[in-house]
Amino acid sequence: MGQEKYYSLKNVIFLIIIIALIFFPYVADSRTLTILMTQVFIFSILAMSYDILLGYTGIVSFGHAMFFGIGAYTTAILLSMYDNTMMIFLISIIVGMIFTGFVSFLVGLLTLRLKSHFFAMLTLAISGLFLVVAEKWRTVTKGNDGFTFRAPDLFRDRVFFYFFVLVCLVVAFLVLRRFVTSPLGKVLIAVRENEQRTRSLGFRTLHYKVIASIVAGVVASLSGSLYAISLRFVNTSVMSMDITLDALLMTIIGGVGTLVGPIVGSFVIEIAQHYLSGLANDYPIFERWIIFFGMLYILVVIFFPKGIVGTVYVKYLTWKSKKSRPQQPKQSVPLVKDKERLE
Amino acid sequence: MDLFINLFINGLATGMLIFLLASGLTLIFGLMDVLNFAHGGLFVWGAYSGIFAYTWSGSFIVGILGAIVTGFVLGWVTEKLIITPVYGNHVQQILITLGFMLVLSELIKVVFGPNGIPVEVPSYLAGSWEFGEVILIKYRIFIIFIGFVIFGIFQYVLKKTKIGLIVRAGVMDKEMVQVLGINIKRVFLFVFMTGSAMAAFGGMLMAPYSGVIYAEMGMEYAILGFIVVVIGGMGSFSGSLMAAILVGLAGSFMAYYVPYLSLAVNMILMAIVLIFRPQGLFTNAKEG
């Protein structure tokens, strides 16, 4: 597609959205909305990191929660053991990242040799073991009851925390975008499309998959640290299967294989969760709001089979190609990334 | 020795229950290659509707039949509405079946109420036989017996009958079977319905065993079912049976001897199997 222009439509839209988000806490009068948006950003980071695995490398992991959980626990434990200063918090993020990097390296070496289903189940098993460790190592983690801790004083101010997380999200987005557009990222996409052929071209695919797993794990650890701060509380639920499933669903709903998709997905899911459960207070029919939530998943698969962003993007491309070159509809076909992701 | 026998019987019974659940999953996940997370939902619906029929009629057999019928009907609905659009696409299967799972388990709360329902063992299966220190609980023996019968039936149908042949051929090469003039879609629908009915049946038998049923039990047991299918080797019935028994026995012995590991035992078992024998414990095929 050639060199990307600085003033391309995409970049302008990004800029507008970021400016809108900067003014958001001053426009929205309620604290709840600011906290909700902070939550959306945190899960966006998690879902983006998951998309490195699912969307770009084409591997389904059921163990992403362990990286998230390690980040959350590292921050919580360091902050409660030492002082609740900003310095300790930043150190805890770094420590968490190094630790997850190491763990994901080992886990990756161990698991990534296996094919689709087997890999997924093995990551499920290993993250299950981490959950058990968190539950049983009571002297450090306080088990299922969890523990509260004091966040750095600056984060008392929810608006400041909002901006901090927003900056993290933007940085993570830019870094990951650089990562996936780099030559290394291209190899990952090649692995997703056809691993055997990539290997026969001379790439050691295992190495690349391990690198993808490390990058995904490190970024997930960042979101875990932020999550712990946002709750000022941590318990074993940060390691649970639910976190992995949330990341998975956000990625699929938004659109796999794009970095914007996971952000959109996490926005849709968090907002839907918030408002549907809020409706339950007013209308008794929404007391079982999870039903509507489940229907949302089903409807997304039927009407947006490539995720929201993916479907919109394909629509946009066909519209554009129709407009510019009406004779060549096939030009847009290779961009449709509906290859089977698991095999 | 007595303790050993007791633990062995307990583990075997638990293993058989897991097998009943996993046998449906072996059909759906192992043979048809559909990642069906709604399987646990069918399991819970089987338990609830079976218990409903059981308390309404007073007969345990009617309850079992009720569960199986519910399983068939729900299996039909699931296959038609949920699975047909996403055959062959695992990512979408995960999303859509998880959504359906949420719908199913929340509908349980709408229809039957959000609280757990206590269940009693029918009178002729209650109680136990005692031989010295060895206590054989009748219901557990009953479950073990049923498990082996189901296993025998499935083995026979899949290996010796024409329909089994068609199913196995369809799994190998869908288009080829279609070319031979067999409506493979209908065959897969039938297989899916059978798998769902097995899940519902397993749920119904599980209900008196655990003594109480609740809407969230589906997901817990579904994960156990996936573990068993993977350990046993995809699509292998005898593998699933052995793996289910292994999981049941390991759970029962570990809970007694090393209780603090009992939470992790399934995960450890699965991790070991996948690292050293990814093609499954009880298959000969060299793939994985």
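Including glycine, each Cβ sits where the backbone N, Cα and C put it.
Copied over from TrEMBL:
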REGION    A:324-343  region 'Disordered'
TRANSMEM  A:12-28  transmembrane segment
TRANSMEM  A:40-59  transmembrane segment
TRANSMEM  A:65-82  transmembrane segment
TRANSMEM  A:89-110  transmembrane segment
TRANSMEM  A:116-134  transmembrane segment
TRANSMEM  A:159-180  transmembrane segment
TRANSMEM  A:210-235  transmembrane segment
TRANSMEM  A:247-269  transmembrane segment
TRANSMEM  A:289-314  transmembrane segment
Dominant neighbour of the transmembrane segment (A:40-59) in A:12-28, A:65-82, A:247-269, by Cβ pairs under 8 Å: A:247-269
Segment-segment contact (the transmembrane segment (A:159-180); the transmembrane segment (A:65-82)) at 3 or more Cβ pairs under 8 Å: no
Interface present between the transmembrane segment (A:210-235) and the transmembrane segment (A:89-110) (three or more C-beta pairs under 8 A): yes
Remote residues contacting the transmembrane segment (A:289-314) - C-beta distance under 8 A, at least 6 residues beyond either end: 249, 251-258, 260-261, 264-265, 268, 272-273, 276-277, 279-280, 332, 335-338
For the transmembrane segment (A:116-134), sequence-distant contacts whose Cβ falls under 8 Å of one of its Cβ atoms, 6 or more beyond its ends: 59-66, 69-70, 73, 107, 110, 141, 143, 236, 239-241, 244, 342-343
Positions whose Cβ lies under 8 angstroms from the transmembrane segment (A:210-235), at least six residues beyond its ends: 35, 38-39, 42-43, 45-46, 48-50, 52-53, 56-57, 59, 61, 64, 67-76, 89, 92-93, 96-97, 99-101, 103-105, 107-109, 112, 142-152, 155, 161, 165, 168, 172, 176, 179, 184, 188, 247
